[in-house]
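Novice: Quick one: this structure, given as structure tokens, is what I'll be asking you about.
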Amino acid sequence: MSSSCSGLTRVLVAVATALVSSSSPCPQAWGPPGVQYGQPGRPVMLCCPGVSAGTPVSWFRDGDSRLLQGPDSGLGHRLVLAQVDSPDEGTYVCQTLDGVSGGMVTLKLGFPPARPEVSCQAVDYENFSCTWSPGQVSGLPTRYLTSYRKKTLPGAESQRESPSTGPWPCPQDPLEASRCVVHGAEFWSEYRINVTEVNPLGASTCLLDVRLQSILRPDPPQGLRVESVPGYPRRLHASWTYPASWRRQPHFLLKFRLQYRPAQHPAWSTVEPIGLEEVITDTVAGLPHAVRVSARDFLDAGTWSAWSPEAWGTPSTGLLQDEIPDWSQGHGQQLEAVVAQEDSLAPARPSLQPDPRPLDHRDPLEQVAVLASLGIFSCLGLAVGALALGLWLRLRRSGKEGPQKPGLLAPMIPVEKLPGIPNLQRTPENFS
């Protein structure tokens, strides 16, 4: 999300000019009638209402008989204040030459609008909203003009003014001030938000470029429930639902993170469950626990949501229903076994050690596949060992049968080159 804040666009300049009448010799009323506005340290011109332009009038402060400006000033029905300050605020009265009161004007001082601060957030893949706040307190009545358009690719000048790219008005929320909502946005498109602040002394605009995947922040999960697990003094079962504002679709899922802590413990433990429930296995026995959940897009677009309201739960301290003995039989051994089990399930003091009985979530098919793999590797190992043993026995047996026969392993040295053997020449004398 990038921000580019500058002057007014061409469309907003025309609207702001109609609203801001500071360029007129006698500004029109902006807001309540009979009120004019000025900026501290700047000159201000007041016009006497109810008289025609150029009519000489006298000016007084309301409740003060001292003359501020006489009819011979040459300014007609106008009063010019060179540099106004906070003491100059108040009501001014103008009178014609015949002493008839022409009217009253109230002067209020303030400042032109500064560039507003704008931020946007999307709670799903189709809608997003933008909020803003003034850059500075102007002290004057203020209006906001909001619009948006779809950004085009660089060089696509023909599409810049296309009806398919806007601009369109961003409807302001009547129930929540300083907020407008865009419906039916395209997830992979980039939009430019235009927020213009206008008051009697001027206007200022902020342009904000947004992408839905970067401003996505779901609402917190709803319906969080925390329940004990009967027979397990170290476990709690938490469940929740998707936020109502998230349109759950097969391609747009949420992932969750869960935090929990015992009462009077400030540190949170965090896990990332799969699905809409989680069994906590390392709670502190006998203590209530606070649990909260937040959500995020499954592919990590945007940011994590705010935390849901905390829900509380206390681990179970009783036995499983099917483990409760039949007390009518009165067997001593059964009573001793139950007492021993109660001692193991409900220790005298809370234990911080993990539960030694973990949940078995393994799939039976996975167990069969593991056993089959172990069997195959065992057979291969036995076959390789048997083959190696057979080769070793064969080589040992062939070495005991006699001298080594010429073959691949026989030395490749001529007989006449062996040391200690005379070199016999095949001559007639040798044959005789």
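Positions of Cβ are set from backbone N, Cα and C atoms, glycine also.
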Novice: Tell me which range among 119-123, 289-293, 304-308 Swiss-Prot lists as motif 'WSXWS motif'.
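Specialist: From Swiss-Prot, the annotated motif 'WSXWS motif' range turns out to be 304-308.
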Novice: Nearest to CYS130 (disulfide bond) by Cα distance: which of the disulfide-bonded residues CYS94, CYS170, CYS180 is it?
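Specialist: Checked the disulfide-bonded residues CYS94, CYS170, CYS180; minimum Cα distance to CYS130 (disulfide bond) goes to CYS180.
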Novice: Quick one: pull the CA-CA distance for CYS170 (disulfide bond) versus CYS120 (disulfide bond), whole Å only.
Specialist: 12
Novice: C-alpha of CYS120 (disulfide bond) to C-alpha of CYS48 (disulfide bond): distance in Å?
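Specialist: It is 45 Å, counting Cα to Cα.
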Novice: What whole-number Å value do you get for the CA-CA distance of CYS180 (disulfide bond) and CYS48 (disulfide bond)?
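Specialist: Answer for this pair: 39 Å between alpha carbons.
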